[in-house]
Amino acid sequence: MSSKRVTWLSLTWVLVFLCLSVELEAQLQVGFYRTSCGLAEFIVKDEVRKGFIRDSGVAPGLVRMHFHDCFVRGCDGSVLIDSTPSNTAEKDSPANNPSLRGFEVIDSAKARLEAVCKGVVSCADIVAFAARDSVEITGGLGYDVPAGRRDGRISLASEASTNLPPPTFTVDQLTQFFSNKGLTQDEMVTLSGAHTIGRSHCSSFSNRLYNFNGTSGQDPTLDPQYAASLKTQCPQGSTNTNLVVPMNPSSPSITDVGYYVDVLRNRGLFTSDQTLLTDTTTATQVRQNAGNPFLWKNKFASAMVKMGQLGVLIGEAGQIRANCRVINS
């Protein structure tokens, strides 16, 4: 091999190494606030704990908040921004209002962090930390959260409607939707397991009870006994928009594989839950998750980390909001 070729190859490897180094430096990092705000993750965890004691529903709310944040414009905290007279923000989209909850936990954590580390910890990172802590406090596995996200300046209700999968989606639609976000079909099935905690408003699934596919009947794939119970809790023609039911009646506050067990019993609450059995591959994944709790919890933690890195703002992009509800002036 000639000396010129050796030199060329050496330079090529140097350039590759430098490019990789720059890319790695630009990514999120575990322990990002270790020196700039060492108590950051502890403070968020403490606020999640206090919120959970007041209302256990806060935990599933915060997990869902992280998902809804990341799928719209990336994980930039835009779901936290309040609407103004001139703009309807994400949180007031029908996909989020009135179902999203846990905002007060984020507010409390941010207020404490601003008191000890002014202008350091982003709202987007607080949401990511709070989601992790919510998984852990409900019995899931804790996991390291790479941080360093910056906060976005734009929040549009219209974007929430087009970037969040509705509860009526089929397995093919879900697979494509998650693929568009860079997530695999297996990760879609894994993250769907978040429905093992929390609640749903009756309006999100009432079509399965009273008007399935434009008929006057109920969804034939829905377990009859479960359907009867749901009809009791969600009477036909009710004008009460606050009626809710647990996603997983047997253990609504525990992060376990109850969701997958329910789906196998034809007790998935949403069409988008039960549809997982209509595809050979996803049905196999449902059965595997139902029978391997520890495996699913590990997969769920990994999928949450990956989801938490969607479309993030880093470096000098975005801002660090002083108030998570308001864009800095």
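Cβ coordinates are placed from backbone N, Cα and C, and glycine is handled just like the others.
Swiss-Prot annotates Ser251, Asp256 as Ca(2+) 2-binding residues; of Thr175, Thr184, Thr190, Thr196, the candidate listed for that same site is Thr196. Among Cys123, Cys202, Cys234, the one Swiss-Prot lists as the disulfide partner of Cys324 is Cys123.
Per Swiss-Prot, Cys117 makes its disulfide bond with Cys37 among Cys37, Cys70, Cys75. Listed in chain order, the residues near the Ca(2+) 1 site other than Asp69, Val72, Gly74, Asp76, Ser78 are Cys70, Phe71, Arg73, Cys75, Gly77, Val79, Glu90, Ala124, Gly152, Ser155, Gly311, each with its Cβ within 8 Å of the site Cβ centroid. Listed in chain order, the extra residues whose Cβ falls within 8 Å of the Cβ center of the Ca(2+) 2 site residues Thr196, Ser251, Asp256 are Gly139, Ile197, Asn248, Ser250, Pro252, Ile254, Thr255, Val257, Gly258, Tyr259.
Here the Cα atom of Ser251 (Ca(2+) 2 binding site) is found 31 Å from that of Asp76 (Ca(2+) 1 binding site). Cα of Val72 (Ca(2+) 1 binding site) to Cα of Pro165 (substrate binding site): a span of 11 Å.
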